[in-house]
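The structure appears below as structure tokens.
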Protein chains: 2
Amino acid sequence: MIFTSHMPQALAEARAAAQRGEVPVGAVLIGPDGRIAGAHGNRTRELSDPTAHAEILAIRAGCAAAGSQRLPGYSLWVTLEPCAMCAAAISAARIETLYYGAADPRMGGVAHGARVFDHPQCHHRPQVYDGIGADASRDLLQDFFAQRR
Amino acid sequence: MIFTSHMPQALAEARAAAQRGEVPVGAVLIGPDGRIAGAHGNRTRELSDPTAHAEILAIRAGCAAAGSQRLPGYSLWVTLEPCAMCAAAISAARIETLYYGAADPRMGGVAHGARVFDHPQCHHRPQVYDGIGADASRDLLQDFFAQRR
């Protein structure tokens with residue numbers, strides 16, 4: 001199987017989120033067969049749900065479709081470093097590989113803050129690849145917040 | 001207003017979860033008026049959703065009812081130390097006070113592991129009171145796992 005970057009789709013989800021007035025973060029879940037198992041953007045405002053981050057929506061949809069709490073062999077592409085909540089959900093879902101774009105020193109929980117995967121208590125640590133499409137992700141976020149100032 | 005412990009209701013939710021074959025953890029959300037805004041137990045198996053912890057279900061229900069991503073002035077009673085995912089969701093929802101029962105050295109993310117509230121990046125740290133009804137909570141969990149061995 002040829003390795004394909006799914007960051008363009010994740011960025012498209014982030015752009016769609018911005019158009020809905022949501023913080024522009026997007027996530028794409030890829031199944032073990034290489035197919036897209038879910039593509040989501042933030043919907044915290046629309047759903048009045050602080051847990052409705054792109055990653056959580058993708059994981060919940062993927063698990064519901066698979067009929068399982070666990071997604072072994074799946075990968076998740078996210079435009080921004082996941083927060084502690086999403087990192088812990090990624091671990092709980094046993095996602096195999098996490099690809100993310102821009103670092104998030106303010107809210108991130110993978111390489112910053114809680115560093116959820118870096119504790120002995122973390123039962124499952126995905127392989128992590130960062131910095132993919134980071135400039136595009138950062139530009140989207142900066143434009144979004146600049147327009148709201 | 002007289003201070004009332006809502007841990008008995010949280011323990012009742014945990015017992016109900018065990019009867020459904022779910023890890024027995026319960027959570028009760030209390031609104032600023034002192035009324036119960038939600039009472040939930042784990043449903044991760046039933047819903048095939050690794051994010052369906054008692055705390056997350058309570059927060060999602062409370063936010064949906066309030067029409068807001070944030071629950072200032074609310075308190076959350078949980079039978080077990082929240083994991084990193086739930087702790088981060090509690091922070092994101094701006095819950096004012098967290099009361100919990102048993103410590104969870106293996107999966108907890110408040111006093112163990114990721115210690116989600118103990119980082120400069122944590123934008124909102126609730127007041128935390130632990131050890132409330134801890135013995136009853138621990139007994140429930142030990143009985144549940146003993147029966148499954």
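A Cβ is built for glycine as well, from the same backbone N, Cα and C atoms used for every other residue.
Feature list (source: TrEMBL):
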- B:1-112: domain 'CMP/dCMP-type deaminase' (DOMAIN)
- B:His53, B:Cys83, B:Cys86: Zn(2+) binding site (BINDING)
- B:Glu55: active site, proton donor (ACT_SITE)
Within reach of chain A, those recorded positions of B:His53, B:Glu55, B:Cys83, CB-CB under 8 Å: B:Cys83
B:Cys86 (Zn(2+) binding site) - helix vs strand vs coil (DSSP): helix
Three-state secondary structure, which DSSP defines for B:Glu55 (active site, proton donor): helix
Number of Cβ atoms other than its own within 10 Å, given for B:His53 (Zn(2+) binding site): 29
Other CB atoms, at most 10 A from the CB of B:Cys86 (Zn(2+) binding site): 33
Distance [Cα-Cα, Å, rounded] between B:Cys86 (Zn(2+) binding site) and the residue listed as 'active site, proton donor': 6
Chain-internal residues near B:Cys83 (Zn(2+) binding site), provided their CB is under 8 angstroms and they sit 6+ positions away: B:His53, B:Asp104, B:Met107, B:Gly108, B:Gly109
Neighbour count (Cβ, 10 Å) for the residue listed as 'active site, proton donor': 29
